[in-house]
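These notes are about the structure you will find just below.
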Amino acid sequence: LAEALAHYELLEQQQQQQQHYLRPSHSGKDLSASSSFIYGDHVANQIYSDVTSVRSLASIGIGSTDGRRLVIRRVPHTPHELFNMVHPPTPPLPGVDDDDNDSFLDPSDDAANLKPRQQHWANKMQFVLACIGYSVGLGNVWRFPYMCYKSGGGVFLVPYCIILFICSIPLLFMELSIGQYTGRGPIGALGQLCPLFKGAGLASVVVSFLMSTYYSVIIGYSIYYFFTSFRPDMPWIDCNNRWNTPDCWVPQRTKDVIAPNTSRTPSEEFFENKLLQISPGIEYPGAMRWELFVCLICAWLMVYFATWKSIKSSAKVRYFTATFPFILIIILMTRAVTLEGADEGLRYFFRPNWSELKNANVWINAASQNFNSLGITFGSMISFASYNKYNNNIVRDTVAVSVVNMLTSLLVGVFAFATLGNLALEQNTNVRDVISDGPGLIFVVYPQAMAKMPYAQLWAVMFFFMLLCLGLNSQFAIVEVVVTSIQDGFPNWIKRHLGYHEIVVLFVCVISFLFGLPNLIQGGIYYFQLMDHYAASISIMFLAFCQLIAVAWFYGTGRLSKNVKQMTGKAPTLYIKTCWMLLGPCLLFAIWVLSLINYEEPSYHNGRYKYPDWAYGIGWMFASFSLICIPGYAIINLLRADGRTFMERLKNTLRPNIYECRICGEHHCEHDFPEQEQYMLAQELSGIYKPKDHLDPNASINHFNVGPKAGYNPMHLQREPVDLVYEEKTQTEEDDTHLPPGSTPSTSTAAGNNKC
């Protein structure tokens, strides 16, 4: 307000010095008594209302042009008017209103979720760290080594790289493109490009939500191990603890001694007997593990306070959680390759068994690991890209994230197999006999290996702190995609019932925490393995296939390429477009069919425990939660679409529903920026923001700068050397006789006013 008052004083001083340029009013009153106040923009041939930015008023006060030729009809002088100039009222967004309709599926939400997001990353580094932190997560530490071992060692890298370059990188580029272009999460982005496949975006959110329920359990395990590592004698070193059984056996490096058939290492017994207190099977759920319950609460508290302010808070946390693990990975890898027996493990990792390429499961595992490591089809990459600025170079981001993810996978593989080689030497056995499936690799094998190192406590603390950071990075992204999708999909319902972003984040965290409690009972590890197999593996390739079909085929590779060129200035290469149209869908469909033909039921303890039939039914129920979203949402959209016949409805649901600015008709323009909201066209405000076209037939208009719908010039902030002229608004044609010196009367009142 003080700044506006100062500008007004400067304006009055300049008016006193230039009285001969001011036309006296018809009523004989002074300038401030006039009743209407309008700015005329002669660059864009538009006239604006009296609600303008302080920046424009400052330019008037100091006598600069600011790229416009302005005509002042009345100067605001009341406190209310001056306050509105400093804080102009923001018109309501399209579709967001305060009506009394409390329906969760509010039809107006479909219009409200089209407008691009106005919150952006503070800098490019925050976006890159978010993508890298999510892709280089827990999956690279425990899933990649196990998949590599399960698929024959080094031969796994061949299909892994093929799928990476044909499917994963083009898919990542596509997700970043549609997220940045639409400015929406996965539901809103796919709903705009191809409404019929909007369910594919919802399916991604469902998968992310299911993952959040059990990924947080890994964070809880890491917290428990992290604090236990500070004890003087780490409890997984020997067999002298109350939870150890007679089968406990400490590995000894003796050629004549091998592990008994029923032996179990101290780290294995600590994980199963102390941490989990594991039951014989999923049929015996057992009691709640209250120590893990407290650790899970701590994990969700960290997740909540890191994400409660959306990217403003989580981006700052990622500066540490996304960079520090890389330092620890390099340190741990350097230490692992110096262990005795590491060469044997590395030989198993890099020596391919080419006959395994004929095995369909190798390709299935490679595709599953690709999508899990890069975070494709989980919706997080689309959500991250929706916070980008419109002209961000996503090509470099795609290359950076893909290269860092691949190098990290190789580094983790070297660390894992070097450690396994040392364990094989300690136990006098082969590398293939010491690895464990699931989370047992990071909580059984790695602690056992680090217990033999000098300064074992230091290495254990560093390792489990690294797991904690990696788990938090993954959990941040998963929670953010769920929260973003809820806010994008149902903005009116959120506004009426939850109100604040912090409440939405709290709601998601509490629900995910409650759904994760079954993992904390004594039989919870079986439930964990079941969820990981069905919720995050079965449906991933099918979701990726549907996403490619929706965007590349129905929306069109040509349209998407044109959108990318609008954002970055360069269209995608022929290689990328070929992968979108042909290679990617064919390869994904073939792998998905092979996964159904060669379906293997999940097990635990490397196949020693088989689930009952009803457990498999629960697993398929988890998988159906995401898969059913695609046909279900397609049917809903067909029923709600306009058209008399089925084909008309189908065409309407396949037609893109891209957001267009209500001022200039463009998808992305300066009116979407918060600092330019005062120029938005809102009919609810009685035409205050509605631009008025010039009536002079001789006025020339640059159609390139003028929007196709409203004739508004989106480039009105460009600086041009024009003069600033002051004029009082006239009401009748008689005012044409009172022209400033040197001016020429116009043929009509309206034309004359606008020419001035």
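Cβ atoms are placed via backbone N, Cα and C, with glycine included.
Positions annotated as region 'Disordered' by TrEMBL: 85-109 (among others).
Summarising the annotation, TrEMBL assigns compositional bias 'Acidic residues' to 96-109.
Annotated transmembrane segment per TrEMBL: 127-145 (among others), in sequence order. Sequence-distant contacts of the transmembrane segment (127-145) (same chain, at least 6 residues past either end, Cβ-Cβ under 8 Å): 121, 215, 218, 311, 314-315, 318-319, 321-323, 325-326, 369, 372-375, 380-381, 384-385, 387-388, 392, 397, 400-401, 404-405, 408-409, 412-413, 416-417, 420, 435, 438-439, 441-442, 467, 470-471, 473-474, 476-477.
The Cβ of ASN405 (Na(+) binding site) has ILE132, SER135, VAL136, ASN140, SER373, LEU374 as same-chain neighbours under 8 Å, each 6 or more residues away in sequence. The Na(+) binding site annotation in TrEMBL covers GLY133, VAL136, ASN140, SER373, ASN405, LEU470, SER474.
Marked as transmembrane segment by TrEMBL: 157-178 (among others).
Sequence-distant neighbours of the transmembrane segment (199-227) (same chain, 6+ residues past either end, Cβ-Cβ under 8 Å): 138, 185-191, 275, 291-292, 295-296, 298-300, 302-303, 377-380, 382, 439, 443, 447, 460-461, 464-465, 467-468, 471-472, 474-475, 478-479, 481-482, 485, 512-513, 515-516, 519-520, 524, 528, 531-532, 535-536, 539-540, 543, 546-547, 550, 622, 625-627, 629-634. Here TrEMBL flags 199-227 (among others) as transmembrane segment.
DSSP assigns CYS248 (disulfide bond) to a strand in the three-state reduction. Listed in sequence order, the residues of the same chain lying 6 or more apart from CYS248 (disulfide bond) and placing their CB within less than 8 Å of its CB are CYS239, SER263, ARG264, THR265, PRO266, GLU269. Residues annotated as disulfide bond in TrEMBL: CYS239-CYS248.
Outside the transmembrane segment (290-307), and at least 6 residues removed from its termini, the chain residues within Cβ reach (under 8 Å) are 216-217, 219-221, 223-224, 275, 313-314, 317, 471-472, 475-476, 479-480, 483, 505-506, 509, 512-513, 516-517, 520. Taken from TrEMBL, the feature transmembrane segment applies to 290-307 (among others).
Taken from TrEMBL, the feature transmembrane segment applies to 319-342 (among others).
Residues or ranges marked as transmembrane segment in TrEMBL: 399-420 (among others). Cβ atoms under 8 Å from those of the transmembrane segment (399-420) belong to residues 128, 131-132, 135-136, 140-141, 144-145, 148, 161, 164, 168-169, 172, 326, 329-330, 332-333, 336-337, 339, 342, 345-346, 348-349, 373-374, 431, 434-435, 441, 445-446, 449 of the same chain, restricted to positions at least 6 beyond its ends.
According to TrEMBL, the transmembrane segment annotation covers 458-483 (among others). Here the transmembrane segment (458-483) has long-range neighbours at 130, 133-134, 136-141, 185-186, 204-205, 208-209, 211-212, 215-216, 218-219, 222-223, 225-226, 229-230, 234, 299, 302-303, 306-307, 310-311, 314, 317-318, 320-322, 324-325, 328-329, 331-332, 335, 375, 378-380, 382-384, 442, 446-447, 450-451, 501, 504-505, 508-509, 512, meaning same-chain residues at least 6 beyond its ends whose C-beta is under 8 angstroms from one of its own.
Taken from TrEMBL, the feature transmembrane segment covers 503-528 (among others).
The transmembrane segment annotation in TrEMBL covers 534-554 (among others). Outside the transmembrane segment (534-554), and at least 6 residues removed from its termini, the chain residues within Cβ reach (under 8 Å) are 167, 171, 174-175, 178, 190, 193-194, 196-197, 200, 203-204, 207, 210-211, 367-368, 371-372, 376-377, 560, 580-581, 584-585, 588-589, 591-592, 595, 602, 619-620, 622-623, 625-627, 630, 654.
Residues or ranges marked as transmembrane segment in TrEMBL: 574-594 (among others).
The transmembrane segment annotation in TrEMBL covers 614-639 (among others). Taking Cβ pairs closer than 8 Å, the transmembrane segment (614-639) reaches residues 195-200, 202-204, 206-207, 210, 282, 526, 530-531, 533-535, 538-539, 542-543, 546, 601-602, 646, 649-650, 653 in its own chain, all 6 or more past its ends.
Summarising the annotation, TrEMBL assigns region 'Disordered' to 728-756 (among others).
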Sparsest Cβ surroundings (other CB atoms within 10 Å) among the recorded positions VAL136, CYS239, LEU470: CYS239
Stretch among 157-178, 319-342, 503-528 sharing the most Cβ pairs under 8 Å with the transmembrane segment (574-594): 157-178
Secondary-structure category, per DSSP, in which ASN405 (Na(+) binding site) falls: helix
Number of other Cβ atoms within 10 Å of the Cβ of SER474 (Na(+) binding site) across all protein chains: 26
Mapped DSSP class for VAL136 (Na(+) binding site), helix or strand or coil: coil
List of residues, in chain order, with Cβ under 8 A from that of GLY133 (Na(+) binding site) and at least 6 apart: ARG318, THR321, ALA322, ASN473, SER474, PHE476, ALA477
